[in-house]
Each structure stands twice: as structure tokens, then as C-alpha cells.
Protein chains: 6
Amino acid sequence: MILRLDELALDLPKPKNPSANDAAAIQELLGGKFGEMSTLMNYTFQSFNFRGRDRLRPFYALTSAIAAEEYSHIEAVSYAINLLLTGVTERGKDPVPGPLAGAADARNSYHFLASGQAALPFDSMGNPWTGQYVNSTGTLRLDLLHNFFLECGARANKIRAYETVTDPCARTMIGYLLVRGGLHVYAYAKALEVITGVDVKKIMPVPPLSNAKFPEAVKFMEHGLHRELYTFSPNAYKEAGLIWNGEHPEDGSQLVVKEGAIKGVPYPVLEEEPQLSAPGEDDFDPEMFKDIAKKLGIADEWKQRHG
Amino acid sequence: MILRLDELALDLPKPKNPSANDAAAIQELLGGKFGEMSTLMNYTFQSFNFRGRDRLRPFYALTSAIAAEEYSHIEAVSYAINLLLTGVTERGKDPVPGPLAGAADARNSYHFLASGQAALPFDSMGNPWTGQYVNSTGTLRLDLLHNFFLECGARANKIRAYETVTDPCARTMIGYLLVRGGLHVYAYAKALEVITGVDVKKIMPVPPLSNAKFPEAVKFMEHGLHRELYTFSPNAYKEAGLIWNGEHPEDGSQLVVKEGAIKGVPYPVLEEEPQLSAPGEDDFDPEMFKDIAKKLGIADEWKQRHG
Amino acid sequence: MILRLDELALDLPKPKNPSANDAAAIQELLGGKFGEMSTLMNYTFQSFNFRGRDRLRPFYALTSAIAAEEYSHIEAVSYAINLLLTGVTERGKDPVPGPLAGAADARNSYHFLASGQAALPFDSMGNPWTGQYVNSTGTLRLDLLHNFFLECGARANKIRAYETVTDPCARTMIGYLLVRGGLHVYAYAKALEVITGVDVKKIMPVPPLSNAKFPEAVKFMEHGLHRELYTFSPNAYKEAGLIWNGEHPEDGSQLVVKEGAIKGVPYPVLEEEPQLSAPGEDDFDPEMFKDIAKKLGIADEWKQRHG
Amino acid sequence: MILRLDELALDLPKPKNPSANDAAAIQELLGGKFGEMSTLMNYTFQSFNFRGRDRLRPFYALTSAIAAEEYSHIEAVSYAINLLLTGVTERGKDPVPGPLAGAADARNSYHFLASGQAALPFDSMGNPWTGQYVNSTGTLRLDLLHNFFLECGARANKIRAYETVTDPCARTMIGYLLVRGGLHVYAYAKALEVITGVDVKKIMPVPPLSNAKFPEAVKFMEHGLHRELYTFSPNAYKEAGLIWNGEHPEDGSQLVVKEGAIKGVPYPVLEEEPQLSAPGEDDFDPEMFKDIAKKLGIADEWKQRHG
Amino acid sequence: MILRLDELALDLPKPKNPSANDAAAIQELLGGKFGEMSTLMNYTFQSFNFRGRDRLRPFYALTSAIAAEEYSHIEAVSYAINLLLTGVTERGKDPVPGPLAGAADARNSYHFLASGQAALPFDSMGNPWTGQYVNSTGTLRLDLLHNFFLECGARANKIRAYETVTDPCARTMIGYLLVRGGLHVYAYAKALEVITGVDVKKIMPVPPLSNAKFPEAVKFMEHGLHRELYTFSPNAYKEAGLIWNGEHPEDGSQLVVKEGAIKGVPYPVLEEEPQLSAPGEDDFDPEMFKDIAKKLGIADEWKQRHG
Amino acid sequence: MILRLDELALDLPKPKNPSANDAAAIQELLGGKFGEMSTLMNYTFQSFNFRGRDRLRPFYALTSAIAAEEYSHIEAVSYAINLLLTGVTERGKDPVPGPLAGAADARNSYHFLASGQAALPFDSMGNPWTGQYVNSTGTLRLDLLHNFFLECGARANKIRAYETVTDPCARTMIGYLLVRGGLHVYAYAKALEVITGVDVKKIMPVPPLSNAKFPEAVKFMEHGLHRELYTFSPNAYKEAGLIWNGEHPEDGSQLVVKEGAIKGVPYPVLEEEPQLSAPGEDDFDPEMFKDIAKKLGIADEWKQRHG
């Protein structure tokens, strides 16, 4: 089970230049083979399927904690896409002028025809994420090796997406993912090292380009986000610290495990897109909830939103 | 962001007759078009993509809370599959006798060749779950209608899986899902009703077979699980109560919203399957963690597990 | 069995601005999850698979009649695509000047490399229509609910395609589909109502944008096409009238069932595209058929075409 | 546009041994690469997309007529599957005894979990039919060659399915398809011959096994079904006779074109399967239609069915 | 088993105008249904699966020799794509300026996000090549017919790709493939003729456009490449000459079988793309290999490259 | 370009118990995500796409040599499948007795309906191999890491297939692949080590089960096949020896590079399966080739086969 926090892990700046094609490219980080759906689902299933986990608890805990964090990554990529798509077509409720005319030339028509200018679990070519991308062999050593490779592959994706899209909204998000993904690379490397004695960490950086080259990543590293593994649990996964400890391989800073989630921020506001009836229901009157809100003891929250 | 609880929402009995083919059938509830991966991902993306959500907060809250619960459902199905697969091949580390010989006739060879006798995001025919199954149009009315339909389709799947597999492990899980899924059907029905005034609830039961026909479901209903919508959040989604209130359409009991998660239980133990090296690492010595455990202040937890 | 009429259900104006990318967008209405291939095949298989149909004849008849009509919809969309693609590359038989040069930047390269500038059962992103899109559970209530949802989803698709493409050829076709699809929405709504007593019709319009906002649709409504259910059969499906009767929910006009097909028009002329050898056979001499035509008693038809 | 006849092209005997696995194998003839969905959709799209058709009318007419016939083939295969699946699980409305228990070992679980023991557009391995199987290049010579090959490939499929399933229901259907498909092979061969002068017919039989080896096929040939091309249209496609004429390459009988459809028979009765709620609605009272039936002038038909 | 020659079958000129979208279009010839991956894998599997091959050796030999040649075709297409993609983004190691900015609008984002500006087994729409494209029925007549059709379909693809892309690099490659593919069409035609007596060759050209219309093809024909079947084996497949002999159907020249491979040329140089770390390892010092090179007796080769 | 040797790399014993389901399981090693099609195509495309290869020649040579060897692996798996499928149905040309009756219950119906009881590029669940399985990022370090992981994943597959199938034909093939694949694991490990200095080899064995546990593998190791890297080229790839040298990590034996291919054996005989017309052409008279054989100077070879 999970508890959802209704918060994003980082503050996403509003795009300077919303762009349908930039959003299309960023989809690779969401639904691509090396996207965040893949990291989320690989580690999630590996954790569900972990046999003999008591004997190897720290490995289970590490995988589970990272799995939980990945949810916040599909969230972050999705919001970045949604922001990049906000306002890229003409707003209005009259279909006649052809408010979506630009969509015909856009790289990803699903953003307009299928979603409400918003993210979908597809990659940059419009191919859907698929369960084929999940590896969960049950063999710890092989799953860890896979995860190390997957994070490296995901790192390459992020770097290339960064080089493709220059908007600060996307780049802030990618900078953040590079830092957190970088931590995950090292985490799986250290787990492999515990078992095999091999200093896998030294294979990094893969690709051979340091996070230090990305100003947006550097900012997050200054806050220590490259060395703090969060349990993303109120009460479990602290044993991840049996693996995640010692010095950071790049800057020698102290590796720590922190309980719970990263301190989040409210989700960015997603403006309505009336030409897509997203969300529609223009004549809906929230007033009808007033009395029930009172009964439920959430009258104050209600007032705050609806006056 | 999420916090993961490392607990299952219900107690799964150990299977009486572990069975590879039963496990294969149950995969439909996990990775099928109407499986729990679909409900999880549909509502999750709809919540990420919800434009103008402040104006329509109760609908957003409802979808988000249910989305969060669905995670516990992919978990429940996965553990049921894992238990059904535990012990179905010969245990042992010597490959020569052919410990997996039975796998050649099994309905789902991935359970043996790809996973460690464990769940994967595929359906009962071995077709992968795909992002094609996600609908997130951004149009509230359409998304709610979709969700109502999806839950009805999922209900049909569960009923048919129940009729296919008689083992109590699977049936307890399905009984639970029927009750919780039944609640979700009504929740989306009520949401549609708020907007349109149509008493959508009365379309139920779809298929026309009441949950009361399933003894395992009845048990969970006796504990009120058919009328308690959980927020699956420490601090959000209470506004779901603006929709989820009044009387239950079937038994007239009081509909309530509860904060947080359902009271869970520890995950069932998944025994090792050495013939699959699942997890392997037989000569791993947890003793090496002893000192670090002390330093990290988790020496007691560590002792508890490793003596 | 079917009889084919070799006629289109409506008159499609020649495009003002043939456009490969407009054609690519329109493909969503043909081979997309919510395209006409989906409505056609869903209802067709549901009708083939309808168990106990004698007892529930009107529902069978309704589904079958609509299934038969959907054939004319894949036809209409295909011809619109074909017309939009006519003339978008340079005509000529010499490959050297690169007559298809524009195809390299077009959104759907299959239109040029795989087809002869013509429609294929793919969606707007070039993903093929698949049998995965067919739902035929055999449970009447669930299939009807699905169909109601599918038509609503298809309606959203059409609206968005309309907003994307402004050419009168495409819009005439979409206006027509909005009207006929609108009728289908209400038909399934009424069928559900007969069984459940729920006034499902009032959920409409989904999305919340009336057909009255689309001038091309209005024109077809003026001819009553929103209230006339055709049997699309010479001798069957009249029992659909047991469901399709009473007043139209929007304008109170009389709902009627008409036997046979909508009055059609000759297919639009599709000019040759020699650069694609479509159709090629430039030196073919129809004269060779003259004598056989006489023998077969179709000399007149033959003369009319070939002089 | 089409008119649907609500009749099957042939009389299917009730299976002697209904069998889920036989039904699964027969699915190849429906949704496989060389199944009837493929022939239907290939010729249908080729006919929609036929450029310059006036100049090459007989070829257009031939393809269109065959396209129309293929609808009756997906129908025939579907009904054979439906009959093979009728009664293969325990009938009854109580889920507790596990009426679908046999489904866990069946080759195609979709027949039970997704459909109501009925056909779906998937192949014998549960892979969906896809638009990828459609070839419509617009180049007449290439499309005809493709069609000739496709029919040969389909012929191999039918022969092998015949050798797999011995039940008379399936074999009657396959015998029929062998004869009609055989006619289609020769039809496309003759069309190619008209253009190229090559006696393509002599490549037959492919595979090198004559239809005369299949007693069920022989029966249909005795009725001349191997030499009569039907237009499957009330008023079009007679020009197919410009190609389809002369002597049958195998027995020298006269090739003829007949207007309209093959003389059909009522669809076989598909019994209800209550354990699948197929169709459900057990308490539905058709009496409610009585008065409307009278008003619509179909009181007699109504009475006939419902007494 | 194979021996690889590390040579390309033809000299590819450096592109005049490298172009991402041209490269995207050319992908159809690599990973499309009618691309070289398809011809390679169809004939390869047919040769592995050839039952009773001793009795029908010349057919086996012919298929095997062509299968072996197809490897050089996936190679040729890949190198053309790689050259077309070389230099299309800004070179440099600093990610901040967004060196891949152009990729957001490119037709195939995988070229930048997944590969190092290089070929992948996907088609022009980014759909992966799949084993579904392989036909290997084991029935000789049917497989040969398929191959004849496949080569004709591939020929149409090549012609259309030629008409789409005007760059000499691509066109040289396509001219070459037209000639070699043309030979394969005739080879399978002649094989069919041997068995059936039908002069299948005369169906050509399909599409009806002679290779003589393509200047780049003509050049290769002047060197006889349209009449020389190579065994692509040091010691096998000469029996292909039992089929491939006599006069060329187009120009009456002598058909011959040559042992071994076509005379090749060194692969074109693929420049580094540092913005993609392709290949990266900038500080790698080949000097470390010097001593080993000496020991292995390849010091001279080593010196030649690294000085 | 390649030269094909028409030889298999190893001697495959005739199966003791031909078995359709064993063959179905073995398909995973051919067309599965971690099957030999994947290793073949990954390394092949990486070699085509290798930028800056002169500077990093030994890595290019290593990848290319292994790529070339993988061809012999898809061959070996295919022949093992073909042998396992030989004779599993009733032989004969009369379709009436239902010679393929057993196919209805077999795990892979494609073996009978699509192929001539022979291998296809699909996995053990009948899902096709797809280009999605190819990784070719162009970043050397990442590609090598991928390859190391891929070989480990493939190793797990082989071990599990070995444990599933006990027939000596399959196990000999798997034993061989374990040895050669084991060599490839170390080869990529050493390549990574050269670049990063990390002793990646020590991560092995993955899964943690030594090849020494597989008697069939041990036999091949006794012949040194675990330490001899073949160039599979007549004249290239010797530079692979700059990486592949020193001592074998397991037994300290000398690592060597050998030019050319492994010494092969004639392909096993694949008996005809007349019920599938595989190959058919029963009345074909090879005598017709006699004279041409003489002319071509291959009269002796011809005589040897046809007397």
C-alpha cells in the first residue's frame, strides 16, 4: 500500500516557450524503454517478487525505497510535459475557427486527440510503454545488474533529452532527475559491490559526462540531493542504509538515509484548455457542496477554494 | 510523491494447491486490459493531468484517492500470483534433473524463464500490459464515464477469474477486489451523478451478479469495506467525501471517507526457489552488516531478523 | 453476409487544400482506439457472439444495424483521407526529380511508402488498429455500457479532429459522423435505459459540447439524420425500433427506424498518382474486354465507361 | 455502404465434441496474419483506395466483390468458434463451484475471461489481428500479386487447421472456405493474367494438395460453389465477369458471375452461458415491447418470437 | 555459421545534404515490413527450416545464397542512414547550448535519444521490425511465391524511397538495391517456373517501372550486377546455378553464378558525435595496447592505425 | 558482407523424445528478449553504428567478431527446435484422419499452422522478436555495459531452459551456448575493464551457478571452447585479441583469439513432413537438372546427391 502526498518533489518553473514538440521529446523520459515508467515498474515488481527477502533485507529495502521514489519521477516528468503543453493551442470553446490547427503538424498528435494536452504513457515516437520493459528475474545479482544498467541507460536518455530541449521547465526537471537517478546508479552499484566485492561505482559516469556539467543538476546537488537516499516510507526501508553509507564516490560527501519523502511543493497549476473541454463542466456550481462540506468538517478547506 | 507502507491490504491464505496455470489465469487481473495495472495507471494519469482542478476539487480528490488505492491492488494480485507459483517446481540447486520440467506444459512460460516464479505485468495470454490501455482525455465527464465503464469491465474479469480458480488464496484476493472495486464503481457513478443528475448507480450490478454471491466478498463487506473510501493520503483527498456520502445503494449503510490507508498486514513470506537462483547468493553473510546496523541505529531491527 | 452498395453515404466536397498532415490527423478517426474500425468491429463481433439473442432480439437488432452502418463510416473516413492526399506530391512517371520529396517531412510516411496516397488502418501516430480494441464480453449490460462509452470517446475524437483540420472535405465528413455517431450514443443509452431504467441519455453531451456548434453537423440534422436509425439490411433489424422510438432527447423530433441504407452517392473520383504507379498499367487496353462484355450482357455499361 | 443479410452463407452442423482448444486453433483462420480478417480488410481498403478505377473497372469490381464476400467468411469462422465453445464449461449462475475451472488449462483464456465463450479478432496464439496485415499499395499489379499470395497463404492455413481439428462443425466451415478461397485464388490469378499474359493459375494448387482431397470441400463443389463468383451487391460489380469467365482450371466447368449473395441460412442458435452472464438480464420481460411492436407494425414478428 | 568480411558491398558517396528526415524515411528500407531485415530473416529462417533439402537442393541453395546476400543489404541501408545522420546536430561536449535542439522537430527522435545518430531496426514511422514479418511455411511452392511477392513489395518500397530522397548517398544505395533486388525477383521467379512451368518472370516489372529509369541502378547494371548471382559462401550454394542460368529476361545477357561475395570496399568512415558521447572515451589511450599488439603479432596493423 | 558456411557449429544429437512443448519452450532462446536474435542484432547494429571506430578499434573488433558468431547461435537454436519438432505429428498426405490433431493442445500453434514444424523468430509465449530489443546507443561504455548485462540475462534464460527441457538434443545445444555465451560475458567484462579499470569479471557467475554444473557444457570446455574467441572473419577482427588475452577467470587457462570460424559439421538432416507439404513437390524430378549440372561443372556434386 501507499499513501499519496499530493505534492511534487520539486518546483517546476513555468515554461518560457511552451512547445508541443518539446513535450513530445520529453515523453521519452516518461514512457520510453529507459523512461521513468520503466524504472518505477521494474523496481516495484522486483520488490513484490523478492523471494527470501528476510535473509537479504537490505537489498529488498534499497530496491523498495527507490521503487517508491520513482513514482515521484513519473509525476515530475508528467507535470513538465503538461506545462510544456499548456497554452500551445488557441483557447476557446468555439470549434469552428479550428483551435487545434497546429496539432496537425505536431510530433505527437495524441497530446491533442487523445489527451487534454497532457502526458500519456507513451514514448517520444508515440509507442506505448509496455510490460515487456520490466525485468524481474528473481535472481538478486541479475536484477541488481539490470538496475545498474537501466539507470545508466536512463541517464543517457536524460542527457540527450536535456540537449534537445532548452526550456527551463524541462531542464529543471531533468537536472533533478539526473541527480536522483545518479544516486540510484550508485545505490545499485554499491549493492552489487556488497555481494561481489567489485567496485562497480567506478564504471560511472555512464555516459562519460559528469552531472557537474548540468547547471540545473548542480543546484540540486548543492542541497545534498545526490547523497540523501529517502526511504519514501513512514516506517520501512531504513535497512537500505546498510548499503547506502560511506562517502559519495564523486565528492566524498557523506551518504545518508532519510526517513520519509523529499520535502515537496504543491503541484503546479494546470490551466484549463476549453477547446479540449479540459475539464469542461463550465456551468458546474461548486456551491452545491457547501452544506456537505460543513457536515464533513471540511468547510474551511472548501471555503478557501470556493469562497 | 508517495510513501510506501510495506504492508499488504489483506491477509492472503497460503494456497492449498499451488498451480502454475491458476497463476497464469490470475495474470489477467494484473496486466490485462481490465486488470489492476489499468485502473492504477488510468486514474494516476488522469490525476496528474487534471486541468482546472481547483474548480472541481472533489472530482480530482476522488480520482486521486482511488488511484492511490489501486497500487495496493496490483500488489495484492501480484502476491496472490507469487504464492500460487511457490513450490510448483522441484526445489534444488542441481540443474541436471530438470527441476523446471513442468514448465514446458505450463500456460505461462515467462513465470519460469523470465521471472522467479513470480508476477509480471502481462495478461493471461502472456501479452504485456501497455500504455494503450490508458485513457486520460482531460474531459472530466468522459474520464468519469470511462472509469465507471472500466470498473465494470474489471468487475466482469474478477468474477470470471473467480469462477476459473477455486484456490482460497486467489479467491480471498478476488473477494477483496470485488468489494473494493465495487466501491469504486459506485464512487465514479456518484461523481457522474453530481454532474449530470443521472442516477448512474442503478446500472449496477454489471455484470448482473451481486457481490453477495461471493462468500469471500461478503466477509469483507461485513467489515464495512464496501462503504469506506480511504484517502490513501496523510493529508489530502478528504474532499472526496463531498461526493462519497449518503447511503450505500445496496444495503443502505452509511458511506464514509477515512483518512489514510486500510489497516494492512505484513506481506506473506515468499519462500526461496533455489532452482531459479531466486534469490541466489546462498553464501551471503548478513553478519557483515552488523556493525553498520549499530552505527545507523537500527541494530535492534537487524538483530530481530538475523539473530 | 452483406451486400455492398458501391456508394458513399454522403457527398464529400473536393478539398480546398489537400494536405498530407491533415490526412495523417484524420487517420485517428479510422484506425485509432476510438476510430471507426473500432466501432465497426466491436459491434460486428458483439452481434456474431450474441448468445440468447431470441430472448433479447431488439438489443441484437440494434447492435447489428449500427454495426452495419459503421462500415459506411470507415468508408467515409477513408475517402476523406484519400481526397486529402490526392495531388499532394508532384505527378509524373520519372523518379529522378524526386516527386515524393515532400513525403520526408510528412507526418505519416506510410501514406507514400506503403499506400498509394491513401488510407490505411492505422491511427494518427502510425500505430496499427488492433483486435485489442474489440470488447465483446457477451454480457449484454456490459457490452451496451461499453458501446455507450465508446461512442462518447469517439465523439471526443471527432470534435478534436474537427478542431485540428479546417478543410471542408474533412469537416463535412466529420459533421456527418458527429450526427450519426450522436444517434448511436443515444441508441445505446436508450438500450441501457430499457434494461436498467436509468435515463442514461442525460449524461450527454459527452464531451459537453453540442452538435449544434458544428455547422456541418447542423446541415445533416436539418435532413433528419440525427433521428433516423437505418436497419442497413433489406430484411432484418426492424426490431431495433422497439428501442429506438419516442422523442429525440435534444430537439423532441420523432425517432424513427428506416429500412435499408441511407440514400447514397457515387464514390468521389480518386485521380491517378503516376509517381506511385497508382494504379499503373498505363498501357492497358480496355478494348480487350469489349467482346466479353457483349457476351456477358453488360456491353452498355462497358461502353459508357470506355466509349 | 453495405446491407447486412442476417444470414450465414452455409449450414454449420452442431459440433460433436465442443472443445475449447479446437476453438483456439480455429482462431488462426479469423485473426491470424492469413485469416479472414486479413482478406476482408486487404480487399476492402484496396477497393476504397483504388485510384483511376474507371479505366480499370473490372479489376476494381473483382476486388470489391471478393471484399464483400470476405465479410461472410469472418462471420462463418466466428460462428464455428462460437459453436465449438458452446457448452464447454459448466452451466449455472452460482460462481462458487468454479464453473470455469477448465478455462485455466485452455489454450485461449480470452475466450472465457474476455468474451462470452465466443470469437475475438485474435489468432491461435492470442495475438490480436492488426492493421499491419493490410497491404494496399495502390499499384494494381502489386496488389493483385499480393492478393494471389495472400489467398495461397490462407489456403495453407485452412488446410493445416483442417488437419488439426476433426470436428464436423469446423471442417464443414473449412471445406466451404477452401472452395470459396480457391475461387478467389483463381480470380486474382486470372486478373494478373489479363494484365501480364502470364498463366498464373498454373502455380496452383498452393500448397500442392487439391481441394478434391477434402470431402467437405467436394460437397460444396458439387453445388458449383467453386465456379460462381457472386457480386455480393444488388447493383454493382458485374464487370468482374470481364475477368471471371471461361473454364475452371481444374474441372473445365463454366465460370459464372452471379448477382447478389450466396443463398444463406439462418444463423445457428447460440445457447446462453449463464456462468458468464452471457447474455445475463435473466429477469428481463420482453412483454414490455408488446405495445410498441404493435405501433411499429411488427407485432407479428414479435409474437412469433415471444408468444 | 558465417564469416564476416568487414566490407561494404558498394561505395557510398558522402551525403551532400545530411538530413535527419531523409534518414528517417530510409529506415523503411531497413526495418519496414518490406525492408531488408525482412528479406534477410525470411530467407534465413526458410533455409534453416528447409525440410527434405537434399531432394530439392537447388532451391535450398538459391534461398541460402540470397539470404546470405541480404546481410550486406541491411548493412548498406544502415550505413546510408548513418551517413545521412552524420553532422546533423551541433558537435560539442557541452550540453548547455542544446546541441540536439533540432531533434525535437525531427521525424525520428530515436535517432537522437536512443541511438548515436545511427540506424535502428525500425521503420519510417518508428515501429520496430518484428518477427511477424517472417514467413516460413516449409511448403516450398508457397515460400517461393512469398519470396517473389516480398521482393516485388520491397521493390515498390525502394522506388518510393528513391522518389522521396534525392541525396546521392541514399540514391546510390537504392540504385544498388534495385539491381540486386531485381536479380532476386527473377531468381525466385525462375525457381517457381522450374516447379510449375509458369513463366512468372513476365509478371515483372512490379511496380511497372523498369530499373532502367534509375540512373544509379543503370550504373550497377553496366557492371553486370543484375545478372551475377553470388553464392556468398566459400564452398556452398553453387547448385543455385541449376536455377539461375540462361538469359536475363530484360537484356538477354548471360545469367551466371559466382562463388563468394561481391568485391567490397572498406566501410565509410563514421565521424564521432561528441554531443552524444558517440563513442565517448575521449581520454582513452590506445598506447596501452602497444605491447600486447606486439605479442599478438599484430603490431604492424596497430601501428598503422595509431602511429 | 558475410560468407555463409552451410555448417552448424556443433553436432546435435537426434532427440530421444521429440516434443512440441519442449520446442515451444526453447523458442525463448531464439526470439525472446534475451534470446539469440537479440544478441545477434544488438551487436550487429552496434558494429554498423560504431562511430570513431579507428580510435577504438579493439572494441569494434570484439563486438563485430561476437556479432558474427551469434549468427551461428540463432542457427543452432533453430536446428534444435526443428529436430525437436520432427516427427511429432502423424506423417502422411491425407488430411482426413487429422494428422495435426495434437497441435490443438500444443503450446505453440504457429509451429504447425504457420511453419512446417520449424523455428520462427518468436519467444516461448508466441510473441514475436522485435527491434525494440536492440540497444545501440553509440556510447561505447554504455553499449558494453548493456552487452555484459544482456549476456548475463541470456545466461539465466539458458540455464532455465536447460532445467525445463531434458532432451539431449536441446541440452547439447544449451551446453554449447552456455560455454560460448560465457566467453562473451567475459569478453565484454574485459572490454569494460580496459576502459574503466573495474574488474567486472568478478560479478560473474550471473546467475550464481557455474557452467561446471552442466555436464554438456563441461564437455565443450574440455575442448577449450570457453577460452577461444573466434574472429568469424577471414581477414578482420584480430584486434579483439588486444582485449581478449591473459588468463581465463575461472580456470586460469590461456585466452586466445583464433582466426575464422569454429570447425563446423554438416547440418542435421530435417526429414520431410508430408502432412504439412513440407516441402511438398513430391513429383518433382531432379533429373531435369542433369544437363545443366554438367554445363555448370557441378555434375559430380549433382550425381552424389541424385544418383
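Quick reminder: no glycine exception, Cβ is built from N, Cα and C everywhere.
Listed features, source TrEMBL:
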type	residues	note
BINDING	D:E36, D:E70, D:H73, D:E151, D:H184	Mn(2+) binding site
BINDING	D:S233	Ca(2+) binding site
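Within 10 Å of the C-beta of D:S233 (Ca(2+) binding site) we count 24 further C-beta atoms, all protein chains included. D:H73 (Mn(2+) binding site) and D:S233 (Ca(2+) binding site) have their C-alpha atoms 16 Å apart, to the nearest angstrom. D:E70 (Mn(2+) binding site) falls within a helix when secondary structure is assigned with DSSP. Around D:H184 (Mn(2+) binding site), the same-chain residues six or more apart in sequence whose CB sits under 8 Å from its CB are D:T39, D:I66, D:E69, D:N147, D:E151, listed in sequence order. Fewest Cβ neighbours within 10 Å among the binding-site residues D:E36, D:E151: this applies to D:E151.
Counting only same-chain residues at least 6 apart in sequence, those with a Cβ under 8 Å from the Cβ of D:E70 (Mn(2+) binding site) are D:E36, D:T39, D:L40, D:Y43, D:T44. Each of the binding-site residues D:E70, D:E151, D:H184, D:S233 was checked for a CB under 8 angstroms from a CB of chain C; the ones meeting this are D:S233. Excluding the listed site residues D:E36, D:E70, D:H73, D:E151, D:H184, the same chain places D:T39, D:L40, D:Y43, D:I66, D:E69, D:A154, D:L177, D:R180, D:G181 with Cβ atoms within 8 Å of the centre of the Mn(2+) site Cβ atoms. In this view, D:H73 (Mn(2+) binding site) is surrounded by 25 other Cβ atoms within 10 Å of its Cβ, with every protein chain counted.
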